[in-house]
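Contents: one structure, followed by commentary.
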Amino acid sequence: MDITIQHPWFKRALGPLIPSRLFDQFFGEGLFEYDLLPLLSSTISPYYRHSLFRSVLESGISEVRSDRDKFTIMLDVKHFSPEDLSVKIIDDFVEVHGKHNERQDDHGYISREFHRRYRLPSSVDQSAVTCVLSADGMLTFSGSKVQSNVDTIHSDRPIPVAREEKPTSAPSS
């Protein structure tokens with residue numbers, strides 16, 4: 001069975017005219033009116049769900065920046081509170097885990113869970129990293145880089161998630 005690999009921008013261009021694959025579905029998200037129209041939803045194939053009006057940036061894409069003097073990870077976790085998040089440094093990796101139990105939203109009941117793992121550059125000072133959750137749901141993990149080759153701490157260490165009241169403004173490139 002051949003599976004076509006599409007760039008995310010192309011699969012959204014024609015919306016209901018070209019259905020997306022089963023694995024491209026947005027589980028846990030609500031339905032749009034066109035999802036309930038029998039002509040568009042089930043006549044093409046009952047296993048397809050169209051992804052019209054979905055933003056690529058809302059799909060959980062994270063941004064990793066490694067500048068000359070700073071390492072930063074920005075991750076959209078708007079569906080989670082600080083109590084739902086766990087951020088740890090394990091050896092040379094940052095592990096972010098988010099989980100909330102079933103709760104009611106506009107479309108029914110939902111529970112979510114995710115795991116992300118990022119390799120830390122060896123020049124990051126692991127003892128001075130910070131993790132902040134902004135009011136708009138952006139989790140920002142950052143650590144400064146040290147110029148000397150200091151031995152890094154290899155341990156399992158939790159990083160507290162601080163809450164910030166102002167929204168995150170996108171950093172300029």
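Glycine residues also receive a Cβ, built from the backbone N, Cα and C atoms like all the rest.
Per Swiss-Prot, the features are:
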type: BINDING; residues: HIS100, GLU102; note: Zn(2+) 1 binding site
type: BINDING; residues: HIS107; note: Zn(2+) 2 binding site
type: BINDING; residues: HIS154; note: Zn(2+) 3 binding site
type: COMPBIAS; residues: 153-167; note: compositional bias 'Basic and acidic residues'
type: DOMAIN; residues: 52-164; note: domain 'sHSP'
type: MOD_RES; residues: MET1; note: N-acetylmethionine
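If you average pLDDT over the domain 'sHSP' (52-164) in this model, you get 84. In the three-state DSSP scheme, the residue listed as 'Zn(2+) 2 binding site' is classed as coil. When the binding-site residues HIS100, HIS107 are compared by the number of other C-beta atoms lying within 10 angstroms of their own C-beta, HIS107 comes out lowest. Across the structure, HIS100 (Zn(2+) 1 binding site) and the residue listed as 'Zn(2+) 2 binding site' are spaced 17 Å apart at their Cα atoms. The DSSP secondary structure for GLU102 (Zn(2+) 1 binding site) is strand.
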